Amino acid sequence: MSTNRRGPRDPSTLEDDELKLASIRSPSVNNSPVLISKVYNTEYEKALFETSLNPWSRRAFKLYLIVMVGFLNAVSSGFDSSLMSGINAMDQYLDYFHYSGLGKSTGIVFMIYIVGNCVGSFFAGPITDLASQISAFGRRGGMFTGAIFILVGSAVIVSAHNINAFMGGRFILGFGIAISTTAAPTWITELAPPQWRGRLGASYNSCFFIGSIPATGAMVGTVKMNSTWAWRLPLMLQIIPPIIITSFVWFLPESPRWLVQKGKFDQAKNILVEYHSNDGKTNPIIELQLREFQESIEAKKAEAFWDYRPLFSTKNRRWRMLCLVLMVNGQLAGNGLITYFLPAMMQNAGVTSKQRQLVYNFANSVLSAFGAFTGAAITDKIGRRRRLYFGSFALACLLTIVGALSAKYGEVGNSNINGANASITFIFLFGLSYSFTYTPLQALYCAEVMSQDMRGKGMAVHILVSNCAGFINTFANSVGLGKLGWRYYFVFVGWDFIASILWFCFGVETHGRTLEELDEVFNAHWPARESTRKVKVAVKEGGEVEAL
C-alpha cells in the first residue's frame, strides 16, 4: 500500500500538538537516540509522528476554503447579536416601535429570537442526522435548510412595518440559526484532520465576529440617518452569509464520519485521502482514522430520528452530555450583558452619547475578535479544560472590578473622566478575556465530547440549553439592568466562580486524541481525571514511538 510516510524527523521540529508537554532530550534508550515526552495516546502519537501534513499545501488551502463556507453560519449568528445590541441604542428604532432601551418590551424583542432558537433546536438534530434516499442530504443538508430560514427571517425583519412582523421575522431567524449552527460545527469537526481539529473547529465560532464587526461598523454610519433606514440597512447585511451558503454547500465534501455511519466507507476514504494528505495518498493518520471509524461506528439501521433518549442510555453517554451541558457556563458568564446591553453598561459607566456608545460597541467587537482568533490559533497547543477553569475564574475577577468601578464612577453627574474610562477599559478587558476563553470552544468542545452517533442530536441539545440560558441574557438582563444597574453584574460574578469549580471537577480534556479515542476516556470511572493522565514515551530516531 502506498503511504504518505517520511524519513526520521529532527525532534526539534515537532509542534506542540505532536509532543504534548515540554520535552527533554535523553541520550539513548537501548542505545538509540530518543526524545522523551508525555502524551495522551501512544497510537495516535506514532501515527502523527510518521505523517507529514503541510498547512501551506494546495490541498490544505482547498480545505481552508471549504470550511470557510461552514464558518459563515457563525457569521450569521454574529450579525444578529451585534445588530440588536446597537439598534437597541438607536432613537430611530426606539421611536418607530415606541420602545425604551431597557424594560420588558425590549426584552421580549430579544427573547423571541431565543424562542425561535429553542424551537429550531428540536428539528436541528434530526435534520443534521437525516439519511434520506437522497445521499447528498446529511450535515450539508442541515446547513442548507438553516440558511433558507435565515434568508426568510431576514427579509421579514427588514421589511417589517409593525412590531408583530418584526418579532415574527426574529422567530424565523432564530429557528434557522439553530439548525445551521448545529450542522456547521458538527461538519467542520468531523471533516478536519485530527492534528488541525482544534484550530479549525475553534475558528468556526470565532467567526462570530466576522459578522459582529461589519454590523457594528455599519451602525456607526447609519445612526445619523433621520429615517428607519438607520436600522433597516444594517439588518440587510444578514442576507449575505445564507446566500453564499445556499450557493456553494452542495459542492462541499460530506462528513467522512457521517458517510461511514451510513455505510459509505469508500466515499469516506476518498475524502480523507483528498484532504488529510499532501499527495492524495493514504498515510498513517488516515489509516488510523479509518480503522477507528470501523471499530466505533456501526453501519446499522439508525434509531428513530426523533428519539433523544439514547443520548442518556449509558454512563459513558451521560458523562458526555454533562460535559456538553457545562458549556452553558459560557452563556452565563456575563457575556450577555456585553452582547445585548453594552449601551446600558456604557451608560452605567457614565457614557450617555448614542454615537459614542456605538463607537465603543464597534471597538469592543474588534477587541473581542482579537481575543477569539488568538484563542483559536493556540487551541491545539494549550488544550481546553485548563483554559475553561482558569478563564472562568479570571472573568469573575474582571466583572467584579467592572461592578465596583461602575458603582463609584457611573452615577449621573460624575465628573471623574478617568474613573469612567477605567470602567470602560475593564468592560473591554472582560470582553477580550471572555472571547479568548469561551468563544473558540463553545461549538468545538461540544462537538468533540459527543460520539459519532450522538453528535447531531447532542449539538441540538447544546443549542437548546444555551438558548434556555439565553432567556437570562435577554429578558432577565433587560429587567435586571433596568432596576438594579451595576449591582446586577454581581449575579454573574458568583456564577463565574461556580463555573470555574465545575470545569475543574467535571471538564474532560479532549486535546491530543482523535474523536474515537475519547471513548476510552469516557468509559473511565472519573473521565475528567482520566483525561489528564499522560503516558511517558520514547520517540526513537527512526520514528518509532514506544511507551516507557
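Note that Cβ sites are derived from N, Cα and C of the backbone, with glycine treated the same way.
Remember, TrEMBL labels are computer predictions, not curated facts.
The domain 'Major facilitator superfamily (MFS) profile' annotation in TrEMBL covers 66-511. What TrEMBL records for 63-87, 107-131, 143-163, 169-188, 200-223, 229-252, 319-338, 358-376, 388-406, 426-447, 459-476, 488-508 is transmembrane segment.
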Counting a contact as 3 or more Cβ pairs under 8 Å, with residues at least 6 apart in sequence, do the transmembrane segment (358-376) and the transmembrane segment (143-163) touch? no
Candidates 107-131, 229-252, 319-338, 388-406; stretch with most C-beta pairs under 8 Å toward the transmembrane segment (143-163): 229-252
Which range out of 200-223, 229-252, 388-406, 426-447, 459-476 gives the transmembrane segment (488-508) the most CB pairs under 8 Å? 388-406
Find the member of 107-131, 426-447, 459-476 that has more C-beta pairs under 8 Å to the transmembrane segment (319-338) than any other listed stretch. 459-476
Close approaches to the transmembrane segment (63-87) from elsewhere in its chain (Cβ under 8 angstroms; 6 or more beyond its ends): 93, 109-110, 113, 143, 146-147, 150, 173, 177, 180-181, 183-185, 187-188, 191-192, 200, 203-216, 219, 231, 234-235, 237-238, 241-242, 244-245, 248-249, 252-253, 275, 339-343, 358, 361, 365, 443
Spatial neighbours of the transmembrane segment (426-447) far in sequence, C-beta under 8 Å, 6+ residues away: 74, 181, 184-186, 188-190, 197-198, 201-206, 208-209, 323-324, 327, 329-330, 333-335, 338, 342, 345-346, 349, 363-364, 367-372, 374-376, 379, 384, 387-388, 391-392, 394-395, 398-399, 401-402, 405, 455, 458-459, 462, 466, 510
How about the transmembrane segment (169-188) with the transmembrane segment (107-131) - do they touch, taking at least 3 C-beta pairs under 8 Å (6 or more apart in sequence) as contact? yes
